[in-house]
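**Student:** Just passing along the structure, written as structure tokens.
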Amino acid sequence: LKCNKLVPLAYKTCPAGKNLCYKMYMVANKKVPVKRGCIDVCPKKSLLVKYECCNTDRCN
């Protein structure tokens with residue numbers, strides 16, 4: 001699985017066990033992602049941050 005990094009056009013290959021890509025946003029500003037990468041379990045959203053997870057190459 002390949003997941004996008006925060007830097008445009010950059011991505012990384014996920015290590016074994018991390019089979020989801022994620023994008024993290026601040027709830028106050030949903031247009032600008034704060035963090036992107038590989039993860040094993042999609043975190044729950046909170047009052048301040050929202051996560052979007054997916055399982056195809058560079059889907060984040």
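Glycine is no exception: its Cβ is also placed from the backbone N, Cα and C atoms.
As annotated by Swiss-Prot, disulfide bond applies to C3-C21, C14-C38, C42-C53, C54-C59.
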**Student:** Tally every other Cβ atom lying within 10 Å of the Cβ atom of C53 (disulfide bond).
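**Tutor:** Neighbour count, Cβ to Cβ under the 10 Å cut-off: 15.
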**Student:** Nearest of the disulfide-bonded residues to C54 (disulfide bond) by CA-CA distance, picking from C3, C14, C21, C38, C42?
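**Tutor:** Considering only the listed disulfide-bonded residues, the nearest one is C21.
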**Student:** Which residues of the same chain, at least 6 positions away in sequence, have a Cβ lying under 8 Å from the Cβ of C3 (disulfide bond)?
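**Tutor:** When sequence neighbours closer than 6 are ignored, C3 (disulfide bond) has Y11, K12, C14, C21, Y22, R36, G37, C38, D57, R58, C59, N60 within Cβ distance under 8 Å.
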**Student:** Given the disulfide-bonded residues C21, C38, C54, C59, and counting only Cβ atoms in the protein chains shown, which has the most within 10 Å of its Cβ?
**Tutor:** C21
**Student:** Rank the disulfide-bonded residues C14, C42 by the number of other Cβ atoms within 10 Å of each Cβ and report the first-ranked residue.
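**Tutor:** Counting every other Cβ within 10 Å of each candidate, the maximum falls on C14.
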**Student:** Would you identify the secondary structure of C54 (disulfide bond) according to DSSP, in three states?
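**Tutor:** Looking at the DSSP assignment, C54 (disulfide bond) belongs to a strand.
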